[in-house]
């Protein structure tokens, strides 16, 4: 019965036009330059309102024009908005905020903080800003990007989270006290996303600092989730991190699970890790087999595959963007168009939408200005150039400005049916929603670099290339430059010794070749005298002892890909051998 109910809407979405030149409401395609400026104005209305009314609190309350702490008293909106400032071209404000954060943010505080939110917003935001500092004209210290004040702040914040991972399973608690560690009475039940959403930030941090502990705990958490999947290949929504037993057994792609799948793909691309990609592809098969109905994705019982909730959640709208990253463009567009019909119905995406009934779910009618559908539009537009995706961007700008703009910023929409507002503007509005909108309408932004420009920087470990594009967005839309992970890696001594031997071998070979050429033109060859090549073994060992300190040749900034994929210029990974 459920399948039959889904067919009409699925067919409707499948028939929506994908042709180029699709007109807007006035008969013309949306003008990117016009909407780019509109988005920039939206950002500054929200950003200036936060600075004037809410700083140093975490977030703005736009209806009462004041602020409040939400995730830990970090001046969170300022951290979340920092890289957006640079993407919009405001280098002077970026530089000012860097100084403000260094002077005002303290992580040594008696606050219970979300491990997940602190990682994606604070650690991710600081890492991204650190890697973008030179581009923003900040005077970086010697050794950057392997050192710097923002990197030290990110490391300090991440270390405050490490006690949460000290469990029998290696899966973290959901909350940690930044001063005292995990509270004795803390619940051991954590959502799947709260366990599997660390590899992007923590692997970056380990690569930049040289401390493997961050990447190690993130990988252990990922593996424990993988080992806990059901016999049909699905994971549930919440798990007990002490026992490894599933507490909530609903399986889907939305809230509580979403960024786990996202980080398997993005971690695979960032680290060129074939195991992470293989894990995601196995999940993808199970998701298609058990949760997908007519390009909608439902919630099912993780062990049986039976439908438990025939709903769409707004957080699921990231999925078409993730599909585009693995090159599954056709399926991504069909699913995106399904979600777009809901936006057209309400002027936003309700938190829950009953698919068979075609309407909102009670007490889940709100839209807190989430970015996920806009995020997918940005990825798909980069992959296809289809103007239908610009239409979503246009609709988002018009809807948000009309419904949620108030004197002091933009307010969460409490109910899409009557457009009642709530007194909150989450930090992700500036970190994600506005950023993805701007990038959708700004094809020439440096974030979209196709590798035609780059910066060569000297680090204590050699020369490396930065800023060549291919940025990986964490789940809070903070861009990470994958090349940076190869700037600061300390190679094992044994590897350098092997490279020394290889250099000596080729040096000997070249010199032998030169001498052989010389003998052919100038008579019989005689061994050269003095230190150097072709000496006795004893002399050779002496020469090795006397030679100066090892010259470390830098690693290539773009490592060869160890699994069957192509990282295309626009960021898509096509899983074929073409």
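Using the three backbone atoms N, Cα and C, a Cβ is placed for every residue, glycine included.
Curation plays no part in TrEMBL annotations; they are all automatic predictions.
Cβ-based neighbour count (10 Å, all protein chains) for residue 117 (active site, proton donor) stands at 21. Under the heading active site, proton donor, TrEMBL lists 117 (among others).
If you draw a 10 Å sphere around the CB of residue 258 (active site), it holds 25 other CB atoms from the protein chains shown. According to TrEMBL, the active site annotation covers 258 (among others).
According to TrEMBL, the active site, proton donor annotation covers 351 (among others). Neighbours of residue 351 (active site, proton donor), defined as other CB atoms within 10 A of its CB across all chains, total 21.
Residues or ranges marked as active site in TrEMBL: 372 (among others).
Positions annotated as Ca(2+) binding site by TrEMBL: 475. Same-chain residues at least 6 positions away in sequence with a Cβ under 8 Å from that of residue 475 (Ca(2+) binding site) are, in sequence order, 120, 124, 197, 200, 258, 259, 262, 263.
Under the heading compositional bias 'Basic and acidic residues', TrEMBL lists 538-548.
Summarising the annotation, TrEMBL assigns region 'Disordered' to 517-561.
What TrEMBL lists as signal peptide is 1-21.
Between the alpha carbons (Cα) of residue 117 (active site, proton donor) and residue 351 (active site, proton donor) lies a span of roughly 19 Å. Each residue contributes its Cα atom, and for residue 351 (active site, proton donor) and residue 372 (active site) those atoms are 12 Å apart. With a 10 A radius on its CB, residue 372 (active site) counts 24 other CB atoms from all the protein chains.
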